[in-house]
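All remarks here apply to the structure that follows.
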Amino acid sequence: MALALLVLTCSVLLAVRADIPEENNVLVLKKDTFHQALKDHKFLLVEFYAPWCGHCKALAPEYEKAAGILKGEGSDIRMAKVDATEESDLAQEFGVRGYPTIKFFKNGDKSSPKEYSAGREAADIVEWLKKRSGPAASALTDEAAVTALVDASEVAVVGFFKDPESELAKVFMQVAEAVDDIPFGITSSDSAHSKYELTKDSIVLFKKFDEGRNTFEGEITKEEVQNFIKANQLPLVIEFTEQTAPKIFGGDIKTHILFFLPKSASDYQDKLDDFKKAAASFKGKILYIFIDSDNADNQRILEFFGLKKEECPAVRLITLEEEMTKYKPETKDLSAANIKAFCDSFLEGKLKDIPDDWDKTPVKVLVGKHFEEVVFAEDKNVFVEFYAPWCGHCKQLAPIWDQLGEKFKDHANIIIAKMDSTANEIEAVKIHSFPTLKFFPAGPGKNVVDYNGERTLEGFTKFLESGGQDGAADEDLEDLEETDEPELEDGDDSHTKDEL
């Protein structure tokens, strides 16, 4: 009898586990199987998606490919997905505010899953998961292993320690645990020390740009080592692209100097070289960013700074602190010496910010400094697009939004506006996706209406002509499509997202 009960119990348990179906190596989870999956799998990556979400559809083949790679390797890591439109309780439990939201669960712990923060390709997903599930730093047994890691990585950090229990080695491992986006290795090999000409224990950052390597020389603290890595992991000059945007906006350096330069210019390389020369003096203080003014995707950034293509090359400096401020040099001679002097003047507090020209175009450009003054004016109805320069949906909306601005530019009490949310923090308004459209009706009080209608000129027009009624959102969650941003630290969900 006891044996029969045991067989029956095992059969029931197997049946429960068999209830978790798979689609192309991805576990399909529901409320009644989710927590069992956490128990069954030491490492579990879960995508919360919506069937109608464009980014979810685009991600699907790469997500499935990554799942297949891991399963084929016999990895302890499994990948799963949850239709958040059907499993609303799970979506609420894990704070899903947009799609796709991807979270990593370790050892069955559902209290603090980590936000996925890497790229959209299968290789990116696999690399991130292996970093998260494996040792923080790979054990490199000899100089060949060190060379293999360095050669395979755009940026890599290696700890060379004769004594792996030394104070510096312990700090190194703490930093390796905290940093997700760079591979770490650790070695005690004498031959590795010799090859890289190191006479004492050292932390070295290797990179395939600029000077090639940097050796840590500071105080032995976790904070100092992290600061060393942050200051050296990016190129002296980084080009603004959809791929680099997360590192630019997610980093700790909040003062940026932007060089708008057309790649088609005959003296393009000479001017870029001058910009790089100036950058060397400001590593860790000012982030030097190059923007190709020929690229159509960058036109909205030019507009934000009040620039036209024919005015480039041009330089602007911006601070992304609580109050965003823009500056421009007084001279058009953009030599290395002049750019350096411009940055020195800023750091010495000698620069004046750009005059307020926010209302010179049909679509008004809002910044943090005057946001509330404009949108809460009692005699104006203000319709605002909150966007990110790299957001695909924002780029699609841009021509329609410009048409809307043109249509209402002469209206007595309607303002069409836009704000770059990556460069502005507004306490009065919380943005969880791009683009977000909000209407601030005229009258007393700080009233806000979320727009959830058609993103067409006709839809926007009906909404405005109805006083913000036709197309107003009924609830908080709309078509939220999340960004890849980036650089989410553990437990940090403050970054808004459009694309994974």
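Placed from the backbone N, Cα and C atoms, the Cβ positions cover glycine too.
Computed from a predicted structure; not experimentally measured.
According to TrEMBL, the feature signal peptide maps to 1-18.
According to TrEMBL, the domain 'Thioredoxin' annotation covers 7-134 (among others).
Summarising the annotation, TrEMBL assigns disulfide bond to C53-C56 (among others). Taking all protein chains in view, 19 other C-beta atoms sit within 10 angstroms of the C-beta of C53 (disulfide bond).
The domain 'Thioredoxin' annotation in TrEMBL covers 330-469 (among others).
Note on C394 (disulfide bond): other Cβ atoms within 10 Å of its Cβ, all shown chains, come to 22. Look at TrEMBL and you will find C391-C394 (among others) tagged as disulfide bond.
The region 'Disordered' annotation in TrEMBL covers 465-500.
According to TrEMBL, the feature compositional bias 'Acidic residues' maps to 472-492.
In the three-state DSSP classification, C391 (disulfide bond) falls within coil. Annotated pair C53 (disulfide bond) and C391 (disulfide bond), C-alpha to C-alpha distance, rounded: 15 Å. A distance of 17 Å separates the Cα atom of C394 (disulfide bond) from that of C56 (disulfide bond). Model confidence over the domain 'Thioredoxin' (330-469) is summarised by a mean pLDDT of 87. Each residue contributes its Cα atom, and for C56 (disulfide bond) and C391 (disulfide bond) these two points are 15 Å apart.
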